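Features of the protein shown, as given by Swiss-Prot:
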- 34-54: transmembrane segment (TRANSMEM)
- 78-99: transmembrane segment (TRANSMEM)
- HIS84, HIS183: heme b b562 binding site (BINDING)
- HIS98, HIS197: heme b b566 binding site (BINDING)
- 114-134: transmembrane segment (TRANSMEM)
- 179-199: transmembrane segment (TRANSMEM)
- HIS202: ubiquinone binding site (BINDING)
- 227-247: transmembrane segment (TRANSMEM)
- 289-309: transmembrane segment (TRANSMEM)
- 321-341: transmembrane segment (TRANSMEM)
- 348-368: transmembrane segment (TRANSMEM)
Amino acid sequence: MSTNLRKTHPLAKIINSSFIDLPSPSNISAWWNFGSLLGACLILQTTTGIFLAMHYSPDISLAFSSVAHITRDVQYGWLIRNMHANGASLFFMCIYLHIGRGLYYGSYLYKETWYTGTTLLLLTMATAFVGYVLPWGQMSFWGATVITNLLSAIPYIGNTLVQWIWGGFSVDNATLTRFFAFHFLLPFAIMGLTMVHLLFLHETGSNNPTGLNSNTDKIPFHPYFSYKDLLGLTLMLALLLTLTLFSPNLLGDPDNFTPANPLSTPPHIKPEWYFLFAYAILRSIPNKLGGVLALMLSILVLFLMPTLHTSKQRTAQFRPLTQILFWSLIANLLVLTWIGGQPVENPFITIGQMASILHFSILLILMPIAGTIENKMLT
């Protein structure tokens, strides 16, 4: 009997065990599609990014005009640039939905997978931040100035640290050059960590909507989930192309069409939409160091999720109290996103402070309490 090359060849068998013969729970829903969509986003962003890097000049006198040159003179440069910019938005949409799925269905109990995933989120946020600086528009420059300046709140070493990151006494040519280097390098670190993320996932296998052990009911990844993922990919690409071709600047900031000017501050400095919730939490605390700590904790709180799980059941599928809290958390994050884009004046300040308190209360206090109450309701 001839052996199947797919199962014996050293390289092919890794691909086979990861994407073809991988035993998968038969009941995983469309919420399990986002992992593959994120992989597709990463490939898309890296590809478009490399093509952009071929024509971009990381120098303050050339950066803005080189981006204009890409969109005007390079063959399909407008498409590559707009797909890269809007691809980032789609990337974060998928990330947030992927994390939401993990929180709802208790996927965080696979600790190693969850921790590598949260680290991936931090790396992606860092990559997006340094990438936003590269076009060297007004919002690029002032965003870089404001966010890097937050590090000056660190006691004793703060100011030195900020100047070390800037490579001078202000955001200047040295800053742009190193940010370009980081923006080019970090996606490859993300790819490496993604491999580790998948390695840990395949140690345990996927979770499923019931949160129960699914070893008794597994089906092969191909053709069932490969085609399901392909459908998700088609829908995502349709959304991306619709956004890119019909309203490419919908999610961007008009200020970024003005070249960076250190002598003129834009009326409202704000980051891209996917950072607005964290920006709102940062602004809701009057103290600089307190704001920075709250900003960091708003993301780092994800590392605490496995520790804070008190329920006997894994998923929120059969836990009404936790469901109410989960959807309140989502609504609250949308409120924070809205507040992050508003000017610093009443009533926005008060709403932002309330929403920030609620954000941490739900995650750190109310959800563990709800889990304990639901355990009592079971007995």
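For all residues, glycine too, the Cβ spot is worked out from N, Cα and C.
For the binding-site residues given as HIS84, HIS183, HIS202, the lowest number of other CB atoms within 10 Å of the residue's CB is seen at HIS202. Within the same chain, residues at least six positions away from HIS197 (heme b b566 binding site) with a Cβ under 8 Å of its Cβ are THR113, THR116, GLY117, LEU120.
Among the binding-site residues listed here, namely HIS84, HIS183, HIS202, HIS202 has its C-alpha nearest to that of HIS98 (heme b b566 binding site).
If one looks beyond the transmembrane segment (348-368) by at least 6 residues along the same chain, the residues whose Cβ comes under 8 Å of a Cβ in the stretch are 280-281, 283-285, 294, 297-298, 301, 304-305, 308-310, 322, 325-326, 328-329, 332-333, 335-336, 339-340, 342.
Beyond the transmembrane segment (227-247), the same-chain residues lying 6 or more positions past its ends with a Cβ under 8 Å from any Cβ of the stretch are 30, 33-34, 36-37, 40-41, 79, 82-83, 86-87, 89-90, 94.
For the transmembrane segment (321-341), the list of distant contacts is 100, 103-104, 270-271, 273, 275-281, 283-284, 311, 348, 351-352, 355-356, 358-359, 362-363, 366-367, 370-371, 373-374: same-chain residues at least six beyond its ends, Cβ to Cβ under 8 Å.
In the shown protein chains, 20 other C-beta atoms lie within 10 A of the C-beta of HIS98 (heme b b566 binding site).
Below 8 angstroms of C-beta separation, residues 18, 39, 42, 45-46, 49, 53, 56, 58, 113, 116-117, 119-120, 123-124, 126-127, 130-131, 133-134, 144 of the same chain, each at least six residues beyond the ends of the transmembrane segment (179-199), sit close to that stretch. The secondary structure of HIS98 (heme b b566 binding site), as reduced to three states from DSSP, is helical. Scored by C-beta pairs under 8 angstroms, the transmembrane segment (34-54) has its highest count with 78-99, from the stretches 78-99, 114-134, 289-309. Counting residues 6+ beyond its ends, the transmembrane segment (114-134) has Cβ neighbours under 8 Å at 56, 58, 63, 67, 88, 91-92, 95, 98-99, 102, 107-108, 140-141, 143-144, 147, 175-176, 179-180, 182-183, 186-187, 189-190, 193-194, 196-197, 200, 271-272, 274-275, 299, 302-303, 305-306 in the same chain. Distance from the CA of HIS183 (heme b b562 binding site) to the CA of the residue listed as 'ubiquinone binding site' is 29 Å.
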